[in-house]
């Protein structure tokens, strides 16, 4: 299935039904009172996050989604039926924005999360509501309210723990296929990857994490060059970036250090928060480098690149160094989760302390 990560749709809720201006008519009751029922509520348009859906392709071709109108009220105190709601199932990770106002309506980050995109109009009142001691035969009724109508932009930001950065043909697809269940297209030419790939890495029976591979970046990507700029947003939810560098490019005129710096510059120009994410350097294709030259080449790269963060040396093709990298990633992600859990627990601790102080004050009084 083709991966579609952006779509524009129109959500149109149903109009409320009109109230009825009706009077009771029965034999021997010539002056029956008002009995006009209310109109039904218009149907609403909802979105629900579904982890079984991976793309927005359905919304690329079906752009208008219209809920039913509420039925009009009738006599004999009959209320109109409510219009049927419609539910749009979207991938987890979908960001929904109102195109007219720029308001972010929802960020679907959890399976089953439900949000209203367009609310149906309220039904109008029948003349039954207008009866009073001075107006025994009211002819007033209220029309139903129109339903909401919204133009919406859908953006899919995949939910991954780790994101892969790198130039085209750096070996990202080979790496993700070696460590996970993902099977992206792998070939010896640039831009083999044309859309994001997700892979689940199982460390053991109980622990796993998700890796996202996006098309390779080139210089000028932040301004729209190449393919990768279209998919950089998929890295915004990750907790760790792996910058994969081809340590032994086929073209000897290519400088890996210059390419690595170009990637980082594009990242910074695109999004400062993405640039500030934890980032590890992964030097790939060691199998192509003679063993007696590896240490010197790695040392030279780090020196010229002026890198002070974590460095891993791997061969995505043979698997050399991949196991150590996987366990390091697992430890890093566990540390992040522990910090988040501790941060969430801190307010509870402060609240307990305040309650304890209040109890002590009451005891002294």
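Note that Cβ sites are derived from N, Cα and C of the backbone, with glycine treated the same way.
Here the Cβ of residue 173 (Mg(2+) binding site) has 25 other Cβ atoms within 10 Å, regardless of which shown protein chain they belong to. In the three-state DSSP assignment, the secondary structure recorded for residue 173 (Mg(2+) binding site) is helix. Per Swiss-Prot, the feature GTP binding site maps to 166-173, 191-195, 213-216, 284-287, 315-317; the stated evidence is sequence analysis.
Residues annotated as Mg(2+) binding site in Swiss-Prot, with sequence analysis given as evidence: 173, 193.
According to Swiss-Prot, the domain 'Obg' annotation covers 1-159.
What Swiss-Prot lists as domain 'OBG-type G' is 160-334.
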Around the Cβ of residue 315 (GTP binding site), how many other Cβ atoms lie within 10 Å? Please give the count over every shown protein chain. 21
Within its own chain, what residues at least 6 apart in sequence put their Cβ under 8 Å from the Cβ of residue 285 (GTP binding site), listed in sequence order? 171, 246, 247, 248, 315, 316, 317
